[in-house]
């Protein structure tokens with residue numbers, strides 16, 4: 001009798017634990033963050049193509065899209081463009097781009113975006129006209145509030161000297177942020193030196209004109225928007241009733257996938273103190289951006305990793321980054337077919353690499369694990385909604 005009673009207690013405990021696990025998964029806040037990096041957006045594009053394919057396979061649904069699985073998708077510069085591509089609705093209210101359409105977009109339009117050189121020494125390298133043209137063509141008149149999931153796209157206003165973050169959740173307090181997506185995408189991609197800043201207007205709740213004078217979102221987030229995306233997700237968890245059970249800063253209930261565009265971490269192999277001592281202002285301007293982006297990316301990853309580990313949630317955070325780019329693949333604007341093919345190879349090779357020196361798990365395996373969580377969570381939410 002005692003044995004039977006103990007067995008029943010054990011069964012109840014298992015069922016309670018299982019129920020808690022399902023509830024926890026159902027209420028998990030899922031976040032996708034995509035770095036800036038110009039044409040190097042092909043690297044995260046390749047990673048997203050793999051992830052999107054896994055989700056379609058797991059759910060047996062060719063129409064499955066990334067926006068169906070993530071509560072927050074954030075990006076800066078080229079990552080902001082990718083964010084818009086996978087969250088902006090088409091005429092059928094589905095994302096206008098599937099994951100496997102991202103890389104072809106770069107191959108089709110990259111050579112034109114990075115070919116319209118102004119020919120001016122004092123001025124941006126490219127005029128940005130083709131970039132704006134293709135953004136208007138693809139995104140139409142769509143505004144932030146129409147995004148199919150929460151977005152977080154950063155830019156920087158050079159007139160107010162403040163970062164500007166475009167999110168759906170900010171619109172109630174700041175309706176002037178409900179800008180057209182093509183204006184936002186151009187702004188977040190308007191990297192100093194490469195493209196002209198972007199000026200446009202919206203209107204406040206009182207009907208007053210609101211001006212924007214924006215440049216690349218990397219100025220605000222220094223290339224890695226993961227912390228920004230995570231902060232938006234944290235606010236979402238606090239304000240959305242669907243996540244009412246999540247406690248503040250409960251990273252066990254956060255799932256963060258952060259995609260980099262690659263960097264060269266071996267600066268000592270590229271620059272030496274003796275070499276840099278001879279540089280003038282222009283040479284430093286070109287080098288400092290690369291150094292700053294790399295350093296900020298490492299620091300953001302270090303901070304997020306530390307926080308997730310401290311909360312015993314390290315498996316809920318995955319940073320996918322290639323830290324050993326060489327040659328032309330380090331350039332933000334080399335849109336030659338040969339270099340774009342190399343960037344695809346970088347992404348494909350990265351999938352086969354281990355996530356860390358301490359773990360045999362590859363990025364491919366880790367992404368499959370994330371895809372399973374995303375798929376299961378979506379099914380749990382769908383089942384709950386059907387009751």
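Going from the start of the chain as shown, residues are counted 1 onward.
Cβ from N, Cα, C; glycine included.
As given in Swiss-Prot:
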type	residues	note
ACT_SITE	77	active site, nucleophile
ACT_SITE	216	active site, proton acceptor
COILED	322-385	coiled coil
DOMAIN	32-230	domain 'PNPLA'
CARBOHYD	115	N-linked glycosylation site
MOTIF	36-41	motif 'GXGXXG'
MOTIF	75-79	motif 'GXSXG'
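For the motif 'GXSXG' (75-79), same-chain residues at least 6 beyond its ends with a Cβ under 8 Å from one of its own Cβ atoms are 33-41, 44, 152-154, 188-189, 191, 216-218, 220-221, 223-225, 228, 259, 261. When the recorded positions 77, 115 are compared by the number of other CB atoms within 10 angstroms of each CB, 115 has the fewest. Its Cβ placed at the centre, residue 216 (active site, proton acceptor) has 29 other Cβ atoms within 10 Å. Secondary structure of the motif 'GXGXXG' (36-41), assigned with DSSP and counted as helix (H, G, I), strand (E, B) and coil, comes to 4 helix, 0 strand, 2 coil.
Looking only at the motif 'GXSXG' (75-79), the predicted model's pLDDT averages out at 95. According to DSSP, residue 77 (active site, nucleophile) sits in a coil region rather than a helix or strand. Between the CA atoms of the residue listed as 'active site, nucleophile' and the residue listed as 'active site, proton acceptor' there is a gap of 6 Å, rounded to the nearest whole number.
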